[in-house]
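These features come from TrEMBL:
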TRANSMEM  44-64  transmembrane segment
TRANSMEM  76-95  transmembrane segment
TRANSMEM  115-138  transmembrane segment
TRANSMEM  150-169  transmembrane segment
TRANSMEM  253-274  transmembrane segment
TRANSMEM  295-321  transmembrane segment
TRANSMEM  341-363  transmembrane segment
TRANSMEM  383-405  transmembrane segment
TRANSMEM  510-531  transmembrane segment
TRANSMEM  551-578  transmembrane segment
Amino acid sequence: MGCGHKDDKASLASSQIVSFSHQPHQPPSTPAPKEVWKKGGRMFSILLAVHLALLACTLVSSGAFEKIAVHDYDVFFLLTVMMLMVIIWIIFYLVGTSRCPDAILCKDSHAGPVWLRGGLILFAIFSLVMDVFKIGYYSSFYSCLSAIKIIYPIVQAIFVVVQTYFLWISAKDCVHVHLNVTRCGLMLTLTTNLAVWMSAVTDESVHKAHSKLKKNVTDEIFRWLLKAGMRSSSAEECNCNSQICQIFKNGYFWLYPFNIEYSLFASAMVYVMWKNVGRFIDHHSHHIHHLKFRLFRRTFFVGIVLGLIILVSGLGVLILYEVQVNSSAESSKKSQALSMYYIFNIVCLGLMSLVCIGGSVIYRFDKRDMDRHKNPTRTLDVALLMGAALGQYAISYYSIVAIVASTPRDAISALNLTYALLMIAQHTFQNIFIIEGLHRQPPKEDHKHDSHQKDLYGLTFVNINAVSLRVPDSGSTLASSTASGTEAIHPSDLVRSLTAPKKMNWRRKFLREISMFLLLSNIILWIMPAFGARPQFDNDTELNFYGDSMWPAIVDICLPFGIFYRMHAVASLLEVYIMS
């Protein structure tokens, strides 16, 4: 596996870079090295991804209904083959780049930040636990199941381990060998993650629909409905009567949200790698900022305390909601649970909206330069924030239309309307705050200013007025006697140096408090819908207005994007916190 397949233009460009590195004072008229023309390879890899995605989407959607002669094990067979192909390609990539010294000429410092890779590992661990539960569940009655049902979680576990290792060590790579093969391999990896995500979302939605239906009908009617047209997993036809089997079954469905987020996180990181294939980075304009994550320094703890209060309160509301709505058939308890859920979310969303507006106002006082350099990671972050928010926007607007057009209106409808309006406002203000924060330059550590300030404090222990009395009014400068070679000090500079830190730090502190509060609040707003608190299915206003078939379909399509938005907002807010 040699590296002789490198493009001639790439070799020429790399040689030009080497030659330029020996000539730091090149004239302005010298043209910069050009990247290899990459549109053809990108187009081919995009077409490959589109066809694979359409094939996977067709199988997954067709397998959602019993009347269509596509079974769940057909979907699992396709996903297993795709994951095996990705595993083989990742091994090829790791071996090929390790043997070729010129494979990776530069790295993108913005790609694959440590908090994103840390989140990927966290979701990977829960995905592995889910695969163990799946293997245990399907092994309980392997005699009446297809072998692919057991093979699939085993291959998925291997896929998660290999891909997580690959993204941890290679997320920043700008590859310059096997360009077209690398682009196609990355697009195959991206499409496989999206296909696994679609399958997981479909399985989770069908499972929740079955669980809701089981509460209202007997077992005989439920089995008849499955045969009449609803999708039934092949495992439904087998008996799962043992307690350990029920634990495995409930366990892996509870872990589905982590596997869904893992697939989306991996897809985002793979896309950035795909954009960086064949890319040359100008280190003169590509600033590398070594920022330290200091959680408990330079903060007032207000944002952390308020965020923890919101987080703990939300967990209590989630538990009560699950108990009263899913475990009780009384309408009064259901109304109380919905009211409690809406009131908590209204308070949380209202505070988050006000905090985001306050952060945007503070940005106006923080005169920091904007970062306008090419950054595929930031471009993807902004696109994902704007695109994923469309899912919650759609649900909110559908709810607003249903509530306004429906009669009569009760207290639950009023709370639901307020909740929908605040959801739109909070997404909008939060996107503005995050996107502006991502485009700002990090604070510059002015070491010259710090040493300059130390010299000032070393001059004398008297107050500023005493120092200023010794300086002539003609504007002459005061030379520092403590160290030779230091630059002259003007009295106005002395005053500014002694008072500037107090004026500068409050903006950064407030931005950190806001970022931490929003981060913790987004975590609980991700946990609640991801683990069962979905009032869209329990509120009868939308169901009666749109029907029992249209409204669940709208929620099933849009809600996963809203859940992903929250988790992606957490990662983006963590970056804004560190950059503040």
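Using the three backbone atoms N, Cα and C, a Cβ is placed for every residue, glycine included.
Fair warning: this is a prediction, and the values are worked out from it, not measured in the lab.
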Would you confirm whether the transmembrane segment (253-274) and the transmembrane segment (115-138) meet the contact rule of 3 or more C-beta pairs below 8 angstroms, pairs 6 or more apart in sequence?
yes
Out of 44-64, 150-169, 341-363, 383-405, 510-531, what stretch is closest in contact terms to the transmembrane segment (551-578), meaning most Cβ pairs under 8 angstroms?
383-405
Residue list, the transmembrane segment (383-405) vs rest of chain: Cβ under 8 Å, 6 or more residues beyond ends.
268, 413, 416-417, 420-421, 423-424, 427, 431, 434-435, 536, 541-542, 545-546, 551, 554-555, 557-562, 564-565, 568-569, 572
Counting only residues at least 6 beyond its ends, the same-chain positions whose CB falls under 8 A of a CB in the transmembrane segment (341-363) are 306, 310, 313-314, 317, 321, 412, 415-416, 418-419, 422-423, 425-426, 429-430, 432-433, 436-437, 440, 507, 510-511, 514-515, 517-518, 521, 524-525, 528, 533, 535
Proximity verdict for the transmembrane segment (76-95) and the transmembrane segment (150-169), three or more C-beta pairs under 8 Å
yes
Given the transmembrane segment (510-531), its same-chain partners at Cβ distance under 8 Å and 6+ residues beyond its ends are 254, 257, 298-300, 302-304, 306-308, 310-311, 314-315, 317-318, 321, 341, 345, 348, 351-352, 355-356, 358-359, 362-363, 366, 430, 433, 437, 559, 562-563, 566-567, 569-570, 573-574, 576-577, 580
